[in-house]
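Remarks on the structure that follows.
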Amino acid sequence: MEICNSSHVPELGLQPTTDAEGRNEHIQSHDDATWILTSAFIIFTMQSGFGLLESGSVSVKNEVNIMVKNAVDVIFGGLTYWMLGYGISFGDAKPYSNPFCGWGSFFVTASEEDLGWVYAQFFFQASFATTATTIVSGSMAERTKLEAYIIFSMLNTFIFSFPAHWIWSSNGWLRTMGVVDIAGAGPVHIVGGLTGLVATIMLKPRNNRFETKNAPPMGSPTNAILGMWGWLGFNCGSTFGISGLKWKLAARSAVATVCSSIAGGIVGLTLSYIVKNRKFDVSYMINGVLGSLKKITFYILYLINVFFTLAMCALAQPWQGLVIGSIGALVTNGAVGLLDKLHIDDPVGCVGTHAFSGIWSLLAAGIFIKKDTLAAWTVVISIVFLKLIDIALGIRVPIEEEILGADVVEHSIAGIIYDKKKKKI
């Protein structure tokens, strides 16, 4: 997210807007639409990637359940985004659409003339909306009722959709003030990370989590490592096309993203080697890579803005990606350690990866205003939604079900049948 001269915003071509007759101004060719759809396909594979990361990071008795919750993010979160979320973010029906929220385009459909860009935009933005919820699932892992999580996945659409309107809609109040957020830094990562922080504090730590100094063993480190996939779709796809000069930005984003992840992995492994008595801790490497990717996402959107404002094409050098990734890895691993010391139980490290690294990235990019608005909105609304769910259903599982594991309690894995009404096997 960057604060710039708002007169330059229409030149960007990176977020879809419409002209006076409702035509899309920035999807300029079939190549743009193909690029947008392909990038969204890749971003949706991040649901599988997040699922692998989270199922590998939690205990074996909960790995199926966390994969189900990642599917729930798309199934139920996608439903509410189609019904209402997209309209809140991008609806432009006059006179009801306003700087705070959009109106119109509910239950998304499109005419024959506009269906190409409407559906391309909806599909791309839906991948962002569901990712914002997936971020939270890791923080709530191993101790959340599935029924409660389903309701939360539907409501979290609204936590995302309003900030998305403020920043990405042509009449959003932050957009009109000159805020540019290309890759979802605010609505996706800051909002998702802070919602995860609120959720994990409300849920409280897992049973016996802090009785010893060591974290519970990872259920499948192999799965967790395989889960580091899909970020290229975020950073490169956020150019919203490849026509004109946008293909150069996509190529530059790809190189910067790869270099950043290289540096993040190196720093994570080196840090583990130093603090873990010459052991290469897998979680350090994973947090290093993911933290570096988050850092470069913010920096890329900053450089994209500068590129279109100053007409420069070589601002992001590979060495800069290495430096950015190194800092991101240090921030993320440091944040994960800090949360442990504060006895805040974040099983997959989502808060450190998204919220802490994201906030640092915003500061590093020179953004010292407006992030507080997103933070306040996220914290207040997430507390309200989670509290209402807790009152209605209860969000935390009983201790005996937590000990048994969600795979048995919710899904009867391994042929073990648990009666949730009678609370016995």
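From the backbone N, Cα and C atoms, a Cβ is placed for every residue, glycine too.
Feature annotations, courtesy of TrEMBL:
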type	residues	note
DOMAIN	35-372	domain 'Ammonium transporter AmtB-like'
REGION	1-24	region 'Disordered'
TRANSMEM	33-53	transmembrane segment
TRANSMEM	74-90	transmembrane segment
TRANSMEM	116-136	transmembrane segment
TRANSMEM	148-168	transmembrane segment
TRANSMEM	180-203	transmembrane segment
TRANSMEM	224-242	transmembrane segment
TRANSMEM	254-275	transmembrane segment
TRANSMEM	296-317	transmembrane segment
TRANSMEM	323-339	transmembrane segment
TRANSMEM	351-369	transmembrane segment
TRANSMEM	375-395	transmembrane segment
Taking 3+ C-beta pairs under 8 angstroms (sequence gap of 6 or more) as contact, is the transmembrane segment (116-136) in contact with the transmembrane segment (33-53)?
yes
Any idea what the model's mean pLDDT is for the domain 'Ammonium transporter AmtB-like' (35-372)?
82
At a C-beta cut-off of under 8 Å, are there same-chain residues at least 6 beyond the transmembrane segment (33-53) that contact it? List them, or none.
27, 66-67, 70-71, 73-74, 116-117, 120-121, 123-124, 126-128, 130-131, 134-135, 137-138, 223-224, 226-234, 236-242, 250, 286, 348
Taking the transmembrane segment (74-90) as reference, which of 148-168, 254-275, 323-339, 375-395 has the most Cβ pairs under 8 angstroms?
148-168
Segment proximity, the transmembrane segment (254-275) to the transmembrane segment (323-339), 3 or more C-beta pairs under 8 Å:
yes
Spatial neighbours of the transmembrane segment (375-395) far in sequence, C-beta under 8 Å, 6+ residues away:
140, 144-145, 147-149, 151-152, 155-156, 158-159, 162-163, 190-191, 194-195, 198-199, 202-203
